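In TrEMBL this protein carries:
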type	residues	note
REGION	1-35	region 'Disordered'
REGION	563-582	region 'Disordered'
TRANSMEM	88-108	transmembrane segment
TRANSMEM	120-144	transmembrane segment
TRANSMEM	214-235	transmembrane segment
TRANSMEM	241-262	transmembrane segment
TRANSMEM	322-344	transmembrane segment
TRANSMEM	364-385	transmembrane segment
TRANSMEM	420-440	transmembrane segment
TRANSMEM	446-467	transmembrane segment
TRANSMEM	479-499	transmembrane segment
TRANSMEM	505-522	transmembrane segment
Amino acid sequence: MAAAPYEEAPSSPRREPPSYSTSPRHSYASSSSTSLEALETAEGVNIPRPRHHRSDTLSTMMFAFQPDLLPLSLSEPDREGEPAEKTVGLFTGVALVVGSQIGSGIFSSPGVVLANVKSVGAALLIWIVGGLLAWTGASSFAELGSMIPLNGGAQAYLAYAYGPLPSYLFAWTAISVLKPGGAAIIALIFGEYTCRLIFHATGVDTSPDDIPQWAIKLTAVGAVFAVSIICVASSKMGTRAAGVFMVVKVAALISIMILGIVQLIRRRETSSLTEPIFTGTSSNPSSYALALYSGLWAYDGWDQVNYVAGELKNVERTLPRVIHISMAIVTALFVAANLSYFILLEKSTVMISNTVALDFGRAFFGSVGGIVFSAMVAFSCFGALNGGFFTSARIIYAAGQEGFLPSLFGRLHSTRKTPLNAMALQALMTSSFIALGGGFRNLVNFYSVASWGFYFLTVLGLLVLRIKEPNLQRPYRTWTITPLTFSAVALFLLLMPIFAAPLSALAAVGFILAGIPVYYITHRGRHGSDDSSKKISKDPVLLRVFPFLGGLVSRVRGRSEAPRLSQRDREEETMEMLERRN
């Protein structure tokens, strides 16, 4: 992919995505007269808006909004009236993305990739294809983020494209499994490398069983609480720390690349490269899917800046630049690092190793190299944990504002302006995964199936929005082939593990679907006696899950299936809209 795969948006007048305040009343799609386009046709009128009482209780009507409009409270500042500070610039954004991507994956996933595809050449291709695939997804998220510049990332995009239930399921899965589970993997790898230093277990003959599991888990939990303190201490400390971690980690990968080049110049490469590199390549398609999952686990983090889009300076220009600069840096470094691994390490060594970087350091510098590279990997994992916690807390924060979680999680600290309560929940969930979670490879498979399912829906939602809202302002517009390619490959990646690792895949799907009854149980009876709510409850399940289909059904039937708003409510919606725009 090119460094900036996008099309210039047409020069015709564009419409800005609206920013709404939370309102307790209901609004549903009935016709084009109440759509986003119709609401925005009135401009230049400054009408005073009547004040409404706002409730801070756990509202179950957090998505009582027109399906063609943005979720109301996602663009809402903190309920105390304090908006999130614009503290994330170009360098800080790149630091968050690169710092999150260069974590544990590049130091642990190469062995999993090679074990699946069986050959060095195929493994290198997986890393190249994985980088390009991640780039197509990142480009699609760049368009979504510049079009809908809100905190919460995929949660906001899914709500806007499909409606409340998919957005809820993402929040349910991300908060319960994806984010704490991913952070737990990183923290455990940090704990293992750190404990190797503490217990002097960096030698060649060291067995992983020589390190007590309780020590690894205790160290991992300590790292979790350390990064939590960094991220909530101030609104700028987390991003400043991310910048420092990024510089050190990029320098570390460059040093690995240089060491590999030195060995290659000295013609001391191993048989991994002197023999035909495609010898023994697997012919099982599902093995490639699992290998891609493990490679994409290393690339994961390309969407991190989208979770803090509401805190980006000049988001329309900064977000696409952050994503493309980050992906160019990370893809080049990951491919070069894997090539260096194979220069110094035998294929059989890489295939069974979860500590490739440690083996690499020992192969070049002996026992001293093992110590140095253990420290380097531990530092890298700690930096990735910091970046992940900084952005993951924003998902919980947005979910708290939407009513998916109690409202206390949707508040900023009164003086520090950081999501303290959300960070505390993230730390607690991650610590639970560290204490109770399974093995590394099972966690990666479960994590990948669940996360890529939502990546697929979110990027597909980009195409849905191009049809639903063709005139919505798009400061950045990626090539159409980009989301199509990403969606097709992501769908393949979702289907193949059912045959290769069915238990992990089915566990992920089952957990996501378990959120559907939870959604309806927790929302039952919260709509009150509003006639429109009763009417909506009678709609087919498919239309309630994907409200954007309601407009198509209405056009086919030739009439509106949704309840009409009162004239007063229509006027109040318009006045809120105009006040926000002014």
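For all residues, glycine too, the Cβ spot is worked out from N, Cα and C.
TrEMBL: automatically predicted annotations, no manual curation.
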Completion exercise
Lying 6 or more residues past either end of the transmembrane segment (214-235) yet within Cβ distance under 8 Å of it, the residues of that chain are 84-85, 87, 183-184, 187-188, 190-192, 194-195, 198-199, 241, 381-382, 385-386, 389-390, 393, 413, 416-420, 423-424, 426-427, 430-431, 434-435
Problem - Segment proximity, the transmembrane segment (479-499) to the transmembrane segment (446-467), 3 or more C-beta pairs under 8 Å - result: yes
Fill in the blank from the handout: In the same chain, residues at least 6 away from the ends of the transmembrane segment (364-385) whose Cβ sits under 8 Å of its Cβ atoms read 99-104, 107, 183, 186-187, 189-190, 193-194, 196-197, 202-204, 223-224, 226-227, 241-242, 244-246, 248-249, 252, 259, 263, 301, 344, 355, 357-358
